[in-house]
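Take a look at what TrEMBL says about it:
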type	residues	note
BINDING	104, 109, 114	oxalate binding site
BINDING	107, 109, 114, 155	Mn(2+) binding site
DISULFID	30-45	disulfide bond
DOMAIN	59-209	domain 'Cupin type-1'
SIGNAL	1-20	signal peptide
């Protein structure tokens, strides 16, 4: 019996439960201070006496983003980096513009769930569940439709209408992060070994070299 209790005690002493989320506000607000040299998990607060109305304001979301690029889309993000007043509130948002057949390429948000609503146009959206099922859950959205992308899962949106499309997204983090799959895999710095990628994608190194050259 004593040995069992000792074993349980050792397990409790060496194991811990890890929980991660955005910091919760402990005061009315904690406006981010981008000039602070203090490093914390998040952003240091500005002195409340120095806070101004402009710290809670972002202008420009009414303007269409430039979609003249390889994928035909543009994301205008409003995170704590653009709007200091979001600090500790656990939310952010984005405007997503699409040229005809434009694509918001497969990506993940490591720190946020995303809820998206279509303002104009039609979007084919979807996400892929985790291993080993890797199930694609997809839907065509029309103006006014809302769709949720679970935190951390690979997801995408593509304009399938004849004109430009517009969507607004809300995210459950002040700094959701973005990992665009193609950019991360084929455009890393330094490059991931072509032998590794060729084996992972079951192709040859010449194909990998050609793809990497685009990133």
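Even glycines carry a Cβ here, placed using N, Cα and C.
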In the same chain, outside 104, 109, 114, whose C-beta lies within 8 angstroms of the Cβ mean position for the oxalate site?
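So the extra residues in range turn out to be 94, 107, 108, 112, 116, 149, 155, 157, 169, 171, 176, 178.
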Ten-angstrom check, please: count other Cβ atoms within 10 Å of the Cβ of residue 109 (oxalate binding site), all chains counted.
23
When you average the Cβ positions of 107, 109, 114, 155 for the Mn(2+) site, which other residues in that chain have a Cβ within 8 Å of that mean position?
108, 112, 127, 149, 153, 154, 176, 178
Average the per-residue pLDDT over the domain 'Cupin type-1' (59-209) and send me the rounded value.
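Averaged over the domain 'Cupin type-1' (59-209), the predicted model reaches a pLDDT of 97.
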Identify, among the binding-site residues 107, 155, the residue whose Cβ has the fewest other Cβ atoms within 10 Å in this structure.
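Fewest other Cβ atoms within 10 Å, among the binding-site residues 107, 155, is found for 107.
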Could you check which of the binding-site residues 104, 107, 114 is the closest Cα neighbour of residue 30 (disulfide bond)?
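Result for residue 30 (disulfide bond): the nearest of the binding-site residues is 114.
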Rounded to a whole number, how many Å is the Cα of residue 109 (oxalate binding site) away from the Cα of residue 45 (disulfide bond)?
24
When you rank 104, 114, 155 by Cα distance to residue 45 (disulfide bond), which of the binding-site residues ends up on top as the closest?
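Considering only the listed binding-site residues, the nearest one is 114.
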Just to be sure I understand the packing, how many Cβ atoms besides its own are within 10 Å of the Cβ of residue 114 (oxalate binding site)?
24
Note down the number of other Cβ atoms within 10 Å of the Cβ of residue 45 (disulfide bond), including every protein chain shown.
20
Taking only same-chain residues 6+ apart in sequence, whose CB is under 8 Å from that of residue 104 (oxalate binding site), what do you get?
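The list for residue 104 (oxalate binding site) reads 71, 73, 75, 96, 98, 156, 157, 158, given in order along the sequence.
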